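So the structure is just underneath, and the comments pick up after that.
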Amino acid sequence: MALVVYLRTVKELRGKGDRIAKVTFRGLSFFSRVLENCEDEARFEQAFRWPIGSQVDGDEMLEIQVFNYSKVFTNRLIGTFRMVLQKVVEEGHLEVSDTLIDDNNTAIRTSISIEIKYQTMDGSVKVWSDGEFLDVPDDCDGTFQFETDSLLSGRSQSSGTSPGRSIHGIPTFRKTGKGVFSAMKLGKTRISKDDHKKGDDPAILDAEDLDRKAMRLGGGLDPDTISLASVTAVTTNVSNKRSKPDIKMEPSSGRPVDYQISVTVIEARQLVGLNMDPVVCVEIGDEKKYTSMKESTNCPYFNEYFVFDFHVPPDVMFDKILKISVIHSKNLLRSGTLVGTFKLDVGTVYSQPEHQFHHKWAMLSDPDDITAGCKGYVKCDIAVVGKGDNIKTPHKANEPDEDDIEGNLLLPEGVPSERQWARFYVKIHRAEGLPKMNTSIMANVKKAFIGENRDLVDPYVLVQFAGQKGKTSVQKSSYEPIWNEQVIFTEMFPPLCRRLKVQIRDSDKVNDVAIGTHYIDLRKIANDGDKGFLPTMGPAWVNMYGSTRNYTLMDEHQDLNEGLGEGVSFRARLLISIAVEILDTSSADIMSSTEVQIEPVSNISESATGKMEEFFLFGSFLEATMIDRKIGDKPISFEVTIGNYGNQIDGVSKPASAKKRKEGGGESEEEETELIHNSSDEEADDDGDLTSVPSTPPMKPVITDRNYFHLPYFEKKPCIYIKSWWQDQRRRLYNSNIMDKIADKLEEGLNDVQEIIKTEKAYPERRLRGVLEELSTSCSRFVTLANKDQNLSGRTKLDKERLKSCMREMESMAQQAKTIRSQVKRNTVRDKLKLVFNFLHRLRFLADEPQHSIPDVFIWMISNNKRIAYARIPSKDILFSIVDEEMGKDCGKVKAVFLRLPGKKGFGPAGWTVQAKLEMYLWLGLNKQRKDFLSGLPSGFEENKATKGTGLQAVPPISLVYNMKQVFQLRAHMYQARSLFAADSSGLSDPFARVFFSTHSQVTEVLSETLCPTWDQLLVFDNVELYGEAGELRDDPPIIVIELYDQDTVGKAEFIGRTFAKPLTKMVDEHYGPPRFPPQLEYYQIYRGNCTAGDLLAAFELLQIGPAGRAALPPIDGPTDSDRGPILPVPLGIRPVLSRYRIEVLFWGLRDLKRINLAQVDRPRVDIECAGKGVQSALIQNYKKNPNFSTLVKWFEVDLPENELLHPPLNIRVVDCRAFGRYTLVGSHAVTSLRKFIYSPPDKTANNWAHTGDIVVNMDPEPNIKKMDTVVKIDAATDAVVKVDLKEKEKEKKKKKKKKGEEVDEEEPDESMLDWWSKYFASIETMMETLRAQEAALAEAEEREDLEIAAESTKPKEKSKEKKSSKDKKKIHDGTEKRPLRPKVDELMVYNKELECEFGNFEDWLHTFNLYRGKAGDDDDHNVVDDDRIVGRFKGSLCMYKLPLSEEITREAGFDPNMGMFQSIPHNDPINVLIRIYIIRATDLHPADINGKADPYIVIRLGKSEIRDKENYISKQLNPVFGKSFDIEATFPMESMLTVAVYDWDLVGTDDLIGETKIDLENRCYSKHRATCGIASNYSVHGYNVWRDPQKPTQILAKLCKEAKLDGPHYGPGGRVKVANRIFVGPTEIEDESGLKKQTEEHLALTVLRHWEEIPRVGCKLIPEHVETRPLLNPDKPGIEQGRIEMWVDMFPMDVPAPGPAIDISPRKPKRYELRVIIWNTDEVILEDDDYFTGEKSSDIFVRGWLKGQQEDKQDTDVHYHSLTGEGNFNWRLVFPFDYLMAEEKIVISKKESMFSWDETEYKIPARLTLQVWDADHFSADDFLGAIELDLNKFPRGAKTAKQCSLDMVLKEHELPSISIFKQKRVKGWWPFVARDENDEFELTGKVEAELHLLTAEEAEKNPVGLGRNEPEPLEKPNRPDTTFLWFLSPLKAIRYLICNRYKWLIIKIVLALLLLIMVGLFLYSMPGYLVKKLLGA
């Protein structure tokens, strides 16, 4: 369908001027060309065409506006013509003339005449030609079409808005900023509001906007539009005949990378089973690691750390399954019984924030019994670190016990905590197109034996999911196997394993090989939203790709078949379907095991996957250049295949289902191919079927230059075409294409916005609004398009569901985009940009279609019968559709295709070089839509067909002959490059650039030893012949490839990078002048492989050579210096405008220079060079003695471009001056951006100067959070707030849980009890709280944002509000309730990173430049610094400013002209310093020993001195607490790099380095932040917080003021001090040891120091007393953290008084305690035994107890035999001595790990007492009845009586008041014993009355007690009933007791019954005699 408007003339115009018209339909506008100087009549004679997706409605409108065009100002509207299209819709063709109307809707005299044509169509065949009533092509002479940058690019610009939208479409101009850095943005756009009546925001256009517009409308193209730098340029589609090339060459997948997975198993809880000995096994892939075994406990505490190292490709890594299982009683002999497992794949962990789960509970389930519920929980940390990831570990010190298991489950966000079991059905139907898997030799052998030629492959399918595998049966000898089987997995749903792997394998006696592999991502075939659907797929074909199809015994690309890396050829396709069914585990007939099952399924019909259609693929090779010369000069041909069609080995004919050939009429495809190659004119088949021509004729290559060949196609371009048959599932690809186009558009827009921000241009927010506007219209457009043909055959459930969910997503995205658009303000651009990037990821995710249809197209270059290189083109990219948005982005366009080596050959340097560059045209569509297939080719060709004289017009051409050719001159202005790779061992390169255009190439000169070459060279390519029409070439010239090489004296030049560019074209008839010419220099991003490798600054212009020859071209006016010989410099108009700058260099010194060629560096010098000018430092006479420079400041003047972005880099080089005038290069550094060194004079008007009055600085002694009223929210629903008075709080405090870090008694902290650790723990607590508060604030802000967006798009989401309020409740409880309870302890700052990160590396005036030498690595990521390339460091600084400088500065008092801008800088003479290093502890060390532990100790190195603290190693610890300080004396600058290393002690062999951290002390020492000694928060002269600096605060302050030339400090009365014009207030008294108060000014001075950043002009933050956390790194494992160390460094210059002794930070010694537990009685213990004689229930009760971690020390009471009621009396005392760390609330145990251990290991374990009740048995094992575990810090108060004691004390532990034995000291009460019954529910199994008494070791010594009932202080014997004595000791007694007690009434009843019986018996016995007597009367 299309609407064509032919605009003829506009008459009766007033005045004279340039006219332009704008035609709008459905919101999409086209502009006509500009008619210059026309008077009353404007003859446009121009056609505009809109292809349309949906019928035109009768009430839609067409609008034409006519403007007076102005180059400078906005175009002025003359009048508008609007017309309703009703008549057009009815008649289809209409000619109209009418008058225009002006703004006020009144008619004016001007009239317009147009012709309109509207064509509906039946869709498939008839497409009418544009030329039907016009002889003008629709894009005549380069009219630039402004397509609304909606998603629609394509040959025709179609509408981006839905029909019925108002006719005010806003045209968007394609434009770019003066895109300097426009790296990869292709087709740049920037919206400028043209419609002046729109009130969005005033269309203020800067001049560049106007000239841009002017040119645009003038049909001219502004340089920026096109030369958007490298690819940008390449890809700005103008006439849409070309599509974008991709610059990243190297395949990214399949390359192995380093990964480290660390798993910490902390503890397990609620394990199901009685009295077990659990072990946790962690398994990743095939590696297993076990924890130690804990005895008889259901809640073991492990805290063990495991590390797994892998070196595999990312895909393999992320598919590995991580399995955590708990095993019961495993030992050497038995493997143990599995309690439960939990599994997830590594990818799930990696996709978490920070790549980790921290302190989460994994829920265990039993794979053999899915009806059972949860089998327990394991608490663990899991982190996955790739190279260069850094993981922020939450601070380790003292986490609260997260008892809330349900709230902290180990599951990704959004997965419900209750997961159900589900069955995953994978149905495998059949496969086709399998390759021949045996070589022809084997085939012949087999044929000889078997006698028939059978298919030589025995395929079966292997399905892997969640660590389980299922196989189908093997189908013997079949290329088209049919299985119809289903593989059933049982797994939790939603599964935590994201990919399902389906692999076809060939079964073989020796080893099975993979034929092809396909991964199915479950997230793509399911949707977890509330309207989502379970995973479902198919029945659909999946295509498998892998190695090439010619079979060899040793396939070098076998990896590709296993699914590693990108497949290089089609292997097979497999028909599968997937379904999931959630199981109801409560039903009886369910299979409870999770074994994989295989079942047969019924066959599915042919049509189930869609209707078979005939597809036609056409391709034309317009150019083949840059063919690597290594290939050799044998003839080269190209083969194109789609599936197996076109494949020469096993080409396929029509599939059986589509065969309608006549008998005998169809010889097989192979023969046909043969015929074509011999190009005999074979007949087309009777029904007009074409044979395929899949490859080009072989042709000998011709030499281009020393690296490359090209094929001499010239005007004759070979073509290929292939017919193939596939199920028609185009709709899937269409939807995918629409979304991809939306995403491309969006990405382009976002890159633009980033560009605008980066180059600091005006109005990024406008561009972002435009992008969002576009996004929302395109998304709405998707909804209309995708909703079309719903009733196709072969639509699967997934198709329907995906469509629904995509439409929902797109609608909501459109809505959100609108909302965000309205919120974009100047200041929120960056935040909103982040949000919009999420849309982009979402779109890319949605666009990826999981169900394949047409396989990808492969292009192979074949030389000498070898397959050399390939390209793979997704079929959707070249698929044709009549609806523009649905068309593939490269369909019917010329695309630059780069071929690359297959498989592993393509990794590394081999993958960087281009194997060949093709200019290719491809078209794929239904055969019946074939009519259009040539329409996108550059015009000007004739078809050359193979068939002669058959009269069949339908045959496609086998080659195209271009009879139109244009001749051009290309001028490449190569100015400079920067940040190139170092390719030589010197750390530099000798770069030159090679420019390729079409079949020509030229090189620049070689510049030696630089990474930032300025070639300043113009390369001229003469007589470049390009084929095609002039107009098209102007808009769409071919791309230019620029390659950079490093010249080597011997051997071949080494490749260091590549970039693309598009030239700016000038035709003969155009004027060479502004605004388009001359072109401007642009930065083009250079790539090597997949990584950026610098930038190229260049400009390219392509000038048509007309009949007049070269003389008519614009002259080349370069500078006249002829000293460069034949080399032409870049002409004046193009090179940048320069100004004079002065660059001052501060030379401070050189550090850590390594040896060069084994010789030490002795007399180094630094050379600084920038833009050809430079300066040399003074020579350092003796590097060993003093590595600093004698002259500090030097300067040089240089001419640099005005535009800062074009500034060349500055090179720093260090050379060593050797004897006899020889120089050796030591290393070099390129400062790429001088921006941060540009001097800006201080702004006198800024607020800190303006105030002449004094300002009182407001000081908060405490952070605000502490001053908050203590507010407790009672209930989330009501807003009632209760203020709690603090005094009440104090009372409550006793009951409250004791805070960490507080080993203080109830009320006030006792000074003497506090030590440095109190301060440390209090500070960590504060840090955790601030972190939590920050997180909460962030979360809240995000939530608010989401709510806003949601509220604007839908009604507010109630759910999230409720959630939030409950969070708030928690938060308020956390925050405010805790604070007042903490005693006041002075704190320090704990930084959870290096100090350098907080304070800008201490480069406030002294910068460190790393010197590099040696080749750059070829890693993918350059964010990892190549440490091994660093050969030293240069310390110094730069300052640059424009000349002349204002005089104010130089006139200031005390200005030293020698120091230039570097005033007030200390001198660099050597100074002696005392360094004091405090090491607190290390966390998460990488294990170094086999047992998964390490024995760490500290080594400190500084210069020559080294301290090895080897004897104090800490045994078997990965979290050692060192608590040590070390003193070293050093002399700066000789010894300034401090290394703190952690080594692992080994009994035999050398000790291994675990990790080290390096600190540059010199920068710290000289920094303005005063990093010598941190400033404490309070000044005190004694106690734990004693002032450690030898200088008191007053002295420090006085010195700072003097150095900064500040007025002050003046101390005033009333605790005030004045510095400059700021006044500070503070306390003035201090207390000494004896408690006397004295007056002092120190507090005041300290207050100023702590707020020094508020002092005007010189203020900066001074470093507080602190602890920094530094990562430990190991050179062997670059970039991966090996643990962290907490430490700080103090430095004291030796020329001031010596400091006091070091602070004692030695680890706290655990305190010795004794816990005495008296078991008084038990009650209601369940009865286990049956009596032998009487069968009654009884139990022989005893109680066992131990402290966690000391199971060996378990103690039992005696046995209370034969309790019949469950009551037991013991009066038995258990005594447990233990060592306890108050601050950490942990028990410390030292014990040998095993009998082989060398020494004891220290463990820290929570203080938990376990009591168990048992039933004693004589001959069998004792039976476990129940247990209770009491956390001694927090356990429920015992019940007063046995009656009150219930199960709730365990179940509802959190709600009950809890006590701590460390506070109470003595507790007595009843506690319940519990065990789990069969259903895993807790049941009460008894009660115990116990008394707990805690004493310190001293107290215990004073009053000792005996164990059990022994002396001293014996307990009295229990009063036990007699039955407890055993029956065989006193049988009579026992029997009496039994009979009397139990059976008394029973016996009485039996006796009575017997008497009764006897009486009845006697009665019956004597009655007959008696009767006889009576009767006879005897």
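Cβ atoms here come from the backbone N, Cα and C positions, even for glycine.
Straight from TrEMBL, the features:
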COMPBIAS  1354-1379  compositional bias 'Basic and acidic residues'
DOMAIN    1-98  domain 'C2'
DOMAIN    241-362  domain 'C2'
DOMAIN    405-536  domain 'C2'
DOMAIN    952-1077  domain 'C2'
DOMAIN    1124-1250  domain 'C2'
DOMAIN    1456-1574  domain 'C2'
DOMAIN    1697-1846  domain 'C2'
REGION    651-699  region 'Disordered'
REGION    1288-1308  region 'Disordered'
REGION    1343-1379  region 'Disordered'
TRANSMEM  1945-1965  transmembrane segment
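The domain 'C2' (1697-1846) shares more Cβ pairs under 8 Å with 1456-1574 than with any other stretch in the list 1-98, 241-362, 1456-1574. Mean pLDDT across the domain 'C2' (405-536) comes to 83 in this model. Contact between the domain 'C2' (952-1077) and the domain 'C2' (241-362) holds: at least three of their C-beta pairs are under 8 Å, each pair 6 or more apart in sequence. Across the domain 'C2' (1456-1574), DSSP assigns 12 helix, 53 strand, 54 coil.
Each residue in the domain 'C2' (1124-1250) gets a DSSP state, and the totals come to 13 helix, 56 strand, 58 coil. Taking residue pairs at least 6 apart in sequence, the domain 'C2' (1124-1250) and the domain 'C2' (241-362) share fewer than three C-beta contacts under 8 angstroms. Sorting the domain 'C2' (1-98) by DSSP state (H, G, I as helix; E, B as strand; all else coil) yields 6 helix, 60 strand, 32 coil. Look at the domain 'C2' (405-536): DSSP puts its residues at 17 helix, 57 strand, 58 coil.
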